[in-house]
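Features reported for this protein in TrEMBL:
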| type | residues | note |
| --- | --- | --- |
| DOMAIN | B:39-266 | domain 'ABC transmembrane type-2' |
| TRANSMEM | B:41-64 | transmembrane segment |
| TRANSMEM | B:70-94 | transmembrane segment |
| TRANSMEM | B:129-147 | transmembrane segment |
| TRANSMEM | B:153-177 | transmembrane segment |
| TRANSMEM | B:184-203 | transmembrane segment |
| TRANSMEM | B:240-263 | transmembrane segment |
Amino acid sequence: MTAYQIQAEGLRKRYGKTVALDGVDLSVPAGSVFGLLGPNGAGKTTVVRILATLLRPDAGTVRIGGHDLARSPREVRDLIGLTGQYAAVDEDLTGRENLTMVARLLGLPRAEARRRAGELLERFDLTGAAGRTAKTYSGGMRRRLDLAASLIGRPRVLFLDEPTSGLDPRSRGAVWDLVRALVDEGTTVLLTTQYLEEADRLAGRIAVLDHGRVISVGTPAELKRAAGGRTLDVRVTDPGRLADLERVLAGVAGSAPTRSGELVSLPVDATVDGREALDEVLRRAAAEDIAITEIALRLATLDEVFLALTGHDAREGAAA
Amino acid sequence: MTGVGAAGHPRGVAFRRGPAGAGLTLAWRGLLKIRHSPDQLLDLTLMPISFVVLFTFLFGTAVAGDWHTYLQYVLPGVAVQTAVFASMNSAIAVNSDVRTGVFDRLRSLPIARSAPLVGRVLSDLVRNALSLTVVFIVGAILGFRTHGEAGDVALACLLVLLFSMAMGWVSVLIGLLARSPESIGGFGFVLILPLTFGSNVFVPAAKLPGWLQVWVRVNPVTRLSDAARGLMLGTPTGNAVLVSLLWTAAIVAVFAPLAVLAYRRRS
């Protein structure tokens, strides 16, 4: 028995003079979602391409489902499914034909291939469009078809490379639901994303990748804690009282509040008791008759974590 | 929500198909495309029609005195030319598979590494057969008549098809190496023009300047045209059939492995 479904050690890859991966280690427990988080150019796609047997690393070893990727790529391919960054569907074929083709390639007999294709079309809400060629599909429909294609073979390990980039919020939510459903059924999912919210919502564990290196690994909560304190967010009813509120907050924790719109945020470090800080703010605001519409003490967002870890924004390219 | 994932469903590995089965499935894919985009069919038929009509009337009187006599000479060669031109479609199709990520999907499946390429070459074989049929139909309408034995005519068609398949491997290699579909055009023409026009397809080698004759005589398209002409018209072919087959085999032996290598390397 292997506890880890995906195990990568010391992955290195360079393209000419550019170092894409500079020693990446990953361990993903079976039946979990693992998020690979990082800006463009951090090396996320390179990791996925190596794990999905599309690219050979210059150094390092990978075991998937207990199989050594370099020695038994075929056994690994039996276990995996891949949805890349671009919807890999044949535009000249219908949705149904795309799925049937993959099913036939995986060795399903004709009737069973059609049945499996129908099942997934249904699941992905594509039955109505099944007879149309994929070039008539919207971006979201293509993405769904692509996802469906990667699930034809009931993969034990699913790689999703930025599965929701370019999708509208509703489609994004649908992909999230699907990932959760798959994991409930025992699939192991490794997904890359530049959306911190996505990693936060889906992944049990996250590795933050920057310049080809894992700079931090942990649960979303651990990462947030590690990146330092919490933030006290307070919103006022009357914008005219913002300056007063800032003064009140500064007096509570001794740190400098920041303002965005009607929201004032105050960093709170670990030495301050959160409960007391909240009480104190409410008391002082009431004393000065400042009406508060919203108040919350929250952990750092992953955006803030990313900034703290890398010194640059998550969306910024890793150009340096 | 159920029924999508892996739970309780051991993957049907027992059904796994060999390279031939996967190749056939992918060839089927290539042919389905024709059904869904009739413009592809137009492509497959218009080119041969225009080749036959254009070259017969463009060069007919100038080269042979009258186009009718010329048609007998030129048609087998035009068939070869059509096959070579048509084989370049593979490059564009392969390149688009690389760009759209379809090849990535195929490469992540537990199928033979050569299957996508085999599928491509097989489906293009069918398409090329279609184009050749059009060449002969248009030729027959204009008055082309074969004088060879039926078996010889069939052999001529087979030779041309096999050669188009061999050139298909060259084309697949180009498609895998090309950075963009635009660069394929340039690549293809640099290769195709000397092969097809620098041959005896349109003008007998004896009428050409000496330096050009040297190239024309070694050009495989010349030898294949000699073979096709001889077999169809019932004239002697010398060693042209054998040499054509050797060329075909040599091109496959060199370019099929190179294409598979490029496919494995492509990342």
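These residue numbers are counts, starting from 1, taken along the chain as shown.
Glycine is no exception: its Cβ is also placed from the backbone N, Cα and C atoms.
Nobody curates TrEMBL annotations by hand; they come from automatic prediction.
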Legend entry - the transmembrane segment (B:129-147) and the transmembrane segment (B:41-64) contact flag, 3+ Cβ pairs under 8 angstroms: yes
Inset, instruction - With a Cβ cut-off under 8 Å, give me the same-chain residues at least six positions beyond the ends of the transmembrane segment (B:153-177) that come close to it. - result: 76, 79-80, 83-84, 86-95, 98, 117, 120-121, 124-125, 128-129, 132, 146, 184, 187-188, 191, 220, 224, 227-228, 231-232, 241, 244-245, 247-249, 251-252, 255-256, 258-259, 262-263, 266
Legend entry - Distant-in-sequence neighbours of the transmembrane segment (B:41-64), which means Cβ under 8 A and at least six residues beyond its ends: 34, 70-71, 73-75, 78, 81-82, 85-86, 89, 127, 130-132, 134-135, 138-139, 142, 202-203, 207
